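> Annotation comment: TrEMBL describes B:4-342 as domain 'Aminotransferase class V'. Summarising the annotation, TrEMBL assigns L-glutamate binding site to B:ARG41. Residues annotated as pyridoxal 5'-phosphate binding site in TrEMBL: B:ALA75, B:THR76, B:TRP101, B:THR149, B:ASP168, B:GLN191, B:ASN233, B:THR234. According to TrEMBL, the N6-(pyridoxal phosphate)lysine annotation covers B:LYS192.
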Number of protein chains: 2
Amino acid sequence: MKVHNFNAGPSVLPNEVLYKASKALIDFEGSGMSILEIGHRTQPFIAVMDEARNLVRELMQLDDDFEVLFLHGGATTQFMQVPMNLLESSESAAYVDTGVWSNKAIKEAKLFGFADVVASSKESNYNHIPKQFTIPPKASYLHITTNNTIYGTQWQMTPVTDVPLVADMSSDIMSRSMDFNKYSLIYAGVQKNMGAAGATMVAVRKSILGKVTRKIPAILDYRNHIENGSMLNTPPVFAVYISMLTLRWLKEQGGIPAIEKINDKKAALLYDEIDHNPLFRGTVVKEDRSKMNACFIMDKPEMEEEFLKFCKKEDIVGIKGHRLSGGFRVSMYNALPYESVEVMVEAMKYFSLKKA
Amino acid sequence: MKVHNFNAGPSVLPNEVLYKASKALIDFEGSGMSILEIGHRTQPFIAVMDEARNLVRELMQLDDDFEVLFLHGGATTQFMQVPMNLLESSESAAYVDTGVWSNKAIKEAKLFGFADVVASSKESNYNHIPKQFTIPPKASYLHITTNNTIYGTQWQMTPVTDVPLVADMSSDIMSRSMDFNKYSLIYAGVQKNMGAAGATMVAVRKSILGKVTRKIPAILDYRNHIENGSMLNTPPVFAVYISMLTLRWLKEQGGIPAIEKINDKKAALLYDEIDHNPLFRGTVVKEDRSKMNACFIMDKPEMEEEFLKFCKKEDIVGIKGHRLSGGFRVSMYNALPYESVEVMVEAMKYFSLKKA
């Protein structure tokens, strides 16, 4: 029995990925060893790592200046690793503040140089993406968070700028077509759209590295990871393997354009219900709504607990909103079946009728 | 069919751990979700994390000043995280150089303050553990690597010192009884004796933290991890789960004293053969031999390739020595069955007879 898993991350994965991984845990490709027991410097695992890196390149259509890495540490490590590698201590990087995760990134940048917050939607509790802002031409880079899991907002455009563009895409990577080559560094904890917790994907342009004067610890220097084929130290073997399987699955679905169509359909179905059901109300301005995380509340907050209980009986999991935005958050990552959104919408309709 | 897995790490795991994990990949404790799909802030995973941390505390009999953390990043991250948290830039830490891994740790320490190499066995290609050295009383800490995977040496005693003692125990943690409370910080990549690649265990005394003046990035400050119950960011969920299962298994075996007896027996059996078989010769001085990684060569190096091929046919895996020490390295971590060592020894005997 599978539930309808709307978790914000770690979150739902394709069934075939789980079945394949479950078998590999006992015997990896007939080796007589579990995937957890093989040496990471042996050919079978090097092949896994290479395939994962190549699939990212292929699916995102990255140009040759990019290197793709699978690192330890989560996006939180990238919050400090990015400025450590790119921001001279006397210089300034531009950040757009679209919520909790941007703020964490801004805080870390300040340890290494200056962080210039060029725009923020804080005053409206992050219910939209700022559109009017000026990027200082001397900024070392511009950092954005393309999708904001907690508030349910998502950038619908790529900022036009001459400074290197850096993006935390943890919660919408691989979910929609974008011109990724407009970016200079893209990072993403893989546990939402491209794997399970324990690895972070970094796609970085070689041409932006090596320009800061500080000494960088070996494990935090992107150049070391590039030189070592993303195997500077023992990589998070199983997490990389799950990413490879998930990316293979994505390619089989038709890649990003194909999954985007389904993601569009899922989001349209849910937001349509939010907009037409008298009990519910979206919390984000319509034009900036996230197709990954839909946030909404009830006009009668006292009903929210009851609705949550009702959903639980319907095997709907993970829809309680983050404490900062309240209400509900329904996450619809790549692996979430359309049918799960149908079940969710049916639950909203039924509950509403019952209350009418 | 299982092979005899002598990999140096990642390495062999208990069968019951693999079977349990394989099931949890499909359905974790009847939740209708894979262990990879559950939220890390939900009760089922918090219970996993707490059990893993408590098992470390219990098995190592750590006193109350210790906090146990499961972090991202591998021991290589600890090489820099330790001095970042403990070494003032104007001060000096003492390091004993017992090989490649010590050297990497020393190199990182130099980025943060002074690293004083108080002893080294480099001149004899690290074939022993230095015994005569003086620890400057003002050293911020003394760092040792308790077991050296590449050379097959192992500390047989704990240095007596008043300065905080820091140890990289990646390759012999949980394999033998020690007075762990003599240490102030112990770290270990978990992929040898206590899990699979993707997590690092850190046991640190609260009383040694907060004494350096530098600003530490959030993800690298041990105090943040302690305050957040080892969940500052999304932890490497599956790697922590595998560690929890492996530690449970260890406890069921009778804990460290019980496994130590088996490890002693395994090492005795293999070293006895190395010492009595005319074809083979150990590379390490006897008193410093590692019970985890036995390194040996053949007097006739041209025979080594032939012996490797012979072993391969016997389903013996992972015994080729590291390029820095040559010959063979037979790793015998906790989960390696005694029977595998018997098979290894039989192969050595049979090969020797064939060649006689």
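Every residue, even glycine, has its Cβ placed from backbone N, Cα and C.
A description of the local structural setting of each listed feature is requested, covering burial, neighbours and distances.
Every protein chain shown contributes to the tally, and the Cβ of B:ARG41 (L-glutamate binding site) ends up with 12 other Cβ atoms within 10 Å.
Within its own chain, B:ALA75 (pyridoxal 5'-phosphate binding site) has B:TRP101, B:ASP168, B:SER170, B:TYR187, B:ALA188, B:GLY189, B:THR200 as residues 6 or more apart in sequence whose C-beta sits under 8 angstroms from its own.
Sequence-distant neighbours of B:LYS192 (N6-(pyridoxal phosphate)lysine) (same chain, 6+ residues apart, CB-CB distance under 8 A): B:ALA8, B:GLY9, B:PRO10, B:SER11, B:SER170, B:SER171, B:ILE173, B:MET292, B:SER331, B:TYR333. Under the three-state DSSP scheme, B:LYS192 (N6-(pyridoxal phosphate)lysine) falls in the coil class.
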> Taking CB atoms only, which of the binding-site residues B:THR149, B:GLN191, B:ASN233 fall under 8 A from chain A?
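In terms of proximity to chain A, the binding-site residues that count are B:GLN191, B:ASN233, given in sequence order.
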> Including all protein chains shown, what's the count of other C-beta atoms within 10 A of the C-beta of B:ASP168 (pyridoxal 5'-phosphate binding site)?
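For B:ASP168 (pyridoxal 5'-phosphate binding site), the 10 Å Cβ neighbour count is 27.
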> What number of additional C-beta atoms lies within 10 angstroms of the C-beta atom of B:TRP101 (pyridoxal 5'-phosphate binding site)?
21
> Give, as a single whole number between 0 and 100, the mean pLDDT over the domain 'Aminotransferase class V' (B:4-342).
97
> Take the C-alpha atoms of B:GLN191 (pyridoxal 5'-phosphate binding site) and B:ARG41 (L-glutamate binding site) and report the distance between them in angstrom, rounded.
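B:ARG41 (L-glutamate binding site) has its Cα 24 Å from the Cα of B:GLN191 (pyridoxal 5'-phosphate binding site).
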> Would you count the other C-beta atoms found within 10 angstroms of the C-beta of B:THR234 (pyridoxal 5'-phosphate binding site) for me?
21
> Would you give the longest CA-CA distance, in whole angstrom, between residues of B:ALA75, B:THR76, B:TRP101, B:THR149, B:ASP168, B:GLN191, B:ASN233, B:THR234, the set recorded as binding pyridoxal 5'-phosphate?
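Farthest-apart Cα atoms in B:ALA75, B:THR76, B:TRP101, B:THR149, B:ASP168, B:GLN191, B:ASN233, B:THR234 are separated by 31 Å.
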> Looking at the binding-site residues B:THR76, B:THR149, B:GLN191, B:ASN233, which sits with the largest number of other Cβ atoms within 10 Å of its Cβ?
B:GLN191
